[in-house]
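As written in Swiss-Prot, here are the features:
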type	residues	note
DISULFID	C106-C183	disulfide bond
CARBOHYD	N10	N-linked glycosylation site
CARBOHYD	N23	N-linked glycosylation site
CARBOHYD	N176	N-linked glycosylation site
CARBOHYD	N179	N-linked glycosylation site
TOPO_DOM	1-34	topological domain 'Extracellular'
TOPO_DOM	56-69	topological domain 'Cytoplasmic'
TOPO_DOM	91-116	topological domain 'Extracellular'
TOPO_DOM	138-151	topological domain 'Cytoplasmic'
TOPO_DOM	173-201	topological domain 'Extracellular'
TOPO_DOM	223-242	topological domain 'Cytoplasmic'
TOPO_DOM	264-284	topological domain 'Extracellular'
TOPO_DOM	306-337	topological domain 'Cytoplasmic'
TRANSMEM	35-55	transmembrane segment
TRANSMEM	70-90	transmembrane segment
TRANSMEM	117-137	transmembrane segment
TRANSMEM	152-172	transmembrane segment
TRANSMEM	202-222	transmembrane segment
TRANSMEM	243-263	transmembrane segment
TRANSMEM	285-305	transmembrane segment
Amino acid sequence: MNEPLDYLANASDFPDYAAAFGNCTDENIPLKMHYLPVIYGIIFLVGFPGNAVVISTYIFKMRPWKSSTIIMLNLACTDLLYLTSLPFLIHYYASGENWIFGDFMCKFIRFSFHFNLYSSILFLTCFSIFRYCVIIHPMSCFSIHKTRCAVVACAVVWIISLVAVIPMTFLITSTNRTNRSACLDLTSSDELNTIKWYNLILTATTFCLPLVIVTLCYTTIIHTLTHGLQTDSCLKQKARRLTILLLLAFYVCFLPFHILRVIRIESRLLSISCSIENQIHEAYIVSRPLAALNTFGNLLLYVVVSDNFQQAVCSTVRCKVSGNLEQAKKISYSNNP
């Protein structure tokens, strides 16, 4: 009995199923060309100056620094670094997936994109743990208020993110396809078996575990504040806003991306029709900018976390605008004596 050979022979009679063994044509190039550059462009144009203002505000205006201030500053830095990778990806997808920046930059941009994505997730998790300790166990966790604890926690987050994402530099590379140099996404690379297990471990440790921690932290916080007889109404309102922002970030921005990335990789390993595989790929493409949309939510988070942040931002912007006006007046005066 030659059942495997007969199966392959029969499969070859149906182009869709024959293609499912790795020869499916990517029919989603128009979606990548028109959807990804536009969404990434909007995110960059809003997020980059927004996070630059946030960082300037935290460094020059926010005093004294608290543990939450240090975590938020690190979060803003990682969001800014994350956003710097978007112009390269915008150019890549807008040009029909033609990578012109070389193999090193391909690895670096893909690494930077994922490194800062997971740093952002872990900083949000770290912030949630600190909030939980301050509200639920204020006396036993008194030392967590010290900035030294926040500095150590942030250093640990950077190290974990680096260790988690550095294998990606070996799995991602630029390759020549149809006279074009392509910088492949993790799910489109060739080392499928290695990528499958790496992706599962990466997703479990740097997303699923933080998701559970953040959910438990904020459900406990809300339950405690709701049933607390002497809890200040302002504190309750602030906790609710933080809960909504954090859970929206994890369940709306990060969750669809990670679920569809797992499904996308599995679809390349399974014997399914090309039409189904392309539909899965299309859904995965749509989910990718959702992860970047988290940078919008973080801009709101900075305002909710600190009562003085909004005033400090206004002060920073006013100083910048007045400085530019003063410089313009000097230039105008020097040109017209």
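Just so it is clear, glycine is given a Cβ too, placed from its N, Cα and C backbone atoms.
Values in this document were obtained by computation on a predicted structure and should not be read as measured data.
Within the same chain, residues at least six positions away from C106 (disulfide bond) with a Cβ under 8 Å of its Cβ are W99, I172, T173, S174, C183. Long-range C-beta contacts of N176 (N-linked glycosylation site), restricted to its own chain and to partners at least six residues apart, with a cutoff below 8 Å, comprise A182. Just going by CB pairs under 8 A, the stretch in 35-55, 70-90, 243-263 that sits most against the transmembrane segment (202-222) is 243-263. Scored by C-beta pairs under 8 angstroms, the transmembrane segment (117-137) has its highest count with 70-90, from the stretches 35-55, 70-90, 152-172. Averaged across the topological domain 'Cytoplasmic' (56-69), the predicted model reaches a pLDDT of 83. Every protein chain shown contributes to the tally, and the Cβ of C183 (disulfide bond) ends up with 24 other Cβ atoms within 10 Å.
Classification of C106 (disulfide bond) by DSSP places it within a helix.
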